[in-house]
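The structure under discussion appears below in the form of structure tokens.
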Amino acid sequence: MPKIIAANWKMYKTRAEARETAAALARLLTEKRTDRQVIVYPPFTAIAEAAAALDGLACAAVGAQDVYPAAEGAFTGEISPRMLTDAGATWVLTGHSERRHVLQESDELVGRKTAFALANGLCVMLCIGETLKERESGCLREVLQRQLQAGLAEVAPGDISRLAIAYEPVWAIGTGKVAGPDEAREAHGITRELLRDVLGAAAASVPLLYGGSVKPDNAAGLLALDNVDGLLVGGASLEAESFAKIVLA
Ligand code: PGA
């Protein structure tokens with residue numbers, strides 16, 4: 001399967017800034033032969049701008065950073081799958097560590113979001129990962145198991161082909177501390193194994209991305225590891241030049 005390189009722009013960029021970065025990315029990647037799939041997750045307000053700017057780049061898609069699990073209704077401040085699709089998004093992130101830890105999202109809510117977005121035609125990148133405290137107390141497997149079981153509890157078998165998992169150790173996000181090859185290899189191996197328990201044989205074709213302080217100079221090494229099918233990039237995706245280097249790493 002083609003490696004997936006995804007850009008999480010978090011709460012950065014106005015519409016004009018998003019348009020400029022996406023257009024620069026399209027320029028940098030056009031005519032570069034790459035079999036990589038590129039996904040850009042701008043803030044909600046810039047999804048349509050980014051989608052328009054990346055329209056000519058066949059390998060690129062645009063996604064949203066969150067979604068609410070209802071078609072419509074009295075959910076002030078929330079956004080539905082249909083609204084995201086209408087804006088030009090084909091992907092959505094669920095369970096990003098900042099939503100789990102800053103916005104206090106429960107495993108159960110992440111599971112409802114994942115299943116609902118998939119059932120409504122979006123591709124979903126479910127994020128999982130342990131905190132430093134959890135890792136140091138030897139709970140890595142337990143945490144990943146809990147997040148995968150709850151995150152995938154309601155997913156219909158027919159939707160698994162539109163699912164990806166991003167393993168992002170919380171202690172490596174935005175900290176400059178990347179998981180070493182041994183740590184990443186171990187966590188991805190465990191994740192693949194746990195996925196098999198939850199999804200059965202279909203788990204083999206679900207892409208597993210690594211995220212957490214990915215930079216142009218560590219991207220190739222991470223992509224070479226077993227069970228690393230792509231990268232989810234935060235800080236280093238905000239500039240087109242550095243993200244393009246990661247796409248081409
Ligand atoms: P980072 O963020 O690359 O800045 O560590 C990754 C993420 O939060 O998805």
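From the backbone N, Cα and C atoms, a Cβ is placed for every residue, glycine too.
Caution: TrEMBL annotation is automatic and unverified by curators.
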Asn8, Trp9, Lys10, Gly174, Gly234, Gly235 bind substrate per TrEMBL; candidate in Ser205, Ser213 listed for that same site: Ser213
Listed binding-site residues adjacent to ligand 1, that is, members of Trp9, Lys10, Gly174 whose C-beta is under 6 A away: Gly174
Of Asn8, Ser213 (the binding-site residues), the residue whose Cβ has the fewest other Cβ atoms within 10 Å: Ser213
Distance from Glu168 (active site, proton acceptor) back to His96 (active site, electrophile), taken between C-alpha atoms, in Å: 8
